[in-house]
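Quick look at what Swiss-Prot annotates:
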- 12-109: domain 'Yippee' (DOMAIN)
- Cys16, Cys19, Cys72, Cys75: Zn(2+) binding site (BINDING)
Amino acid sequence: MGRYYPVHLKSRCYVCAKCKTHLAFKGHLLSHDYRGKNGPACLFKRVENVIEMEPKTEQMSTGRFIVRHIHCCRCHTYIGWKYVSSYEPSQKFKDGHYILEMQDAVLQRDDPEPDDCFIHPPITFLSSSFS
C-alpha cells in the first residue's frame, strides 16, 4: 500500500487513537462545534493519512450532503467524513472540509514522538471495502 514516512512534528496534532498515525495539524482546525455519528467532532480544512471511500448522499441535521467516509490509512479505523458537496446554499462553506470524530477515533498530542506520526499521500478507493 505504500511506504511510511515518519515526520517529527513540532506543533500539536491529532492522531488516530488506535494506531497513533498523524491525521491533522491543530492549525487546520476550523471548529469544535460539531457532532459526529459517535459524539463530539471537529471540522478541519485538511487532514492527512486517510482513505476516502465512495461518495454518497446523507441526510444530516444541517441538510443533505454528498460525503465520503474516511478511514485511517494505517489501521482502517473509521474516523469521520469529508464534505464533498452540500445541497443547501447556506452550508456550502463545508464543501471540501473534513469531520474527525473525537470520541474514539482521534486524540490530541502535545509532543508526538517521531515514530508515532506518519505522512502518506491521500488514498481514494472507489469501492467501500472497509464498511
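Every residue gets a Cβ built from N, Cα and C, even glycine.
On its own chain, Cys75 (Zn(2+) binding site) has Cys16, Lys18, Cys19, Thr21 as residues at least 6 apart in sequence with a Cβ closer than 8 Å to its own Cβ.
Broken down with DSSP, the domain 'Yippee' (12-109) shows 9 helix, 60 strand, 29 coil. Apart from Cys16, Cys19, Cys72, Cys75, the residues listed for Zn(2+), the same chain places the Cβ atoms of Ala17, Lys18, Lys20, Thr21, Cys73, Arg74, His76, Thr77, Ile79 within 8 Å of the centroid of those Cβ atoms. By a simple count of nearby Cβ atoms, those within 10 Å, the most crowded of the binding-site residues Cys19, Cys72 is Cys72.
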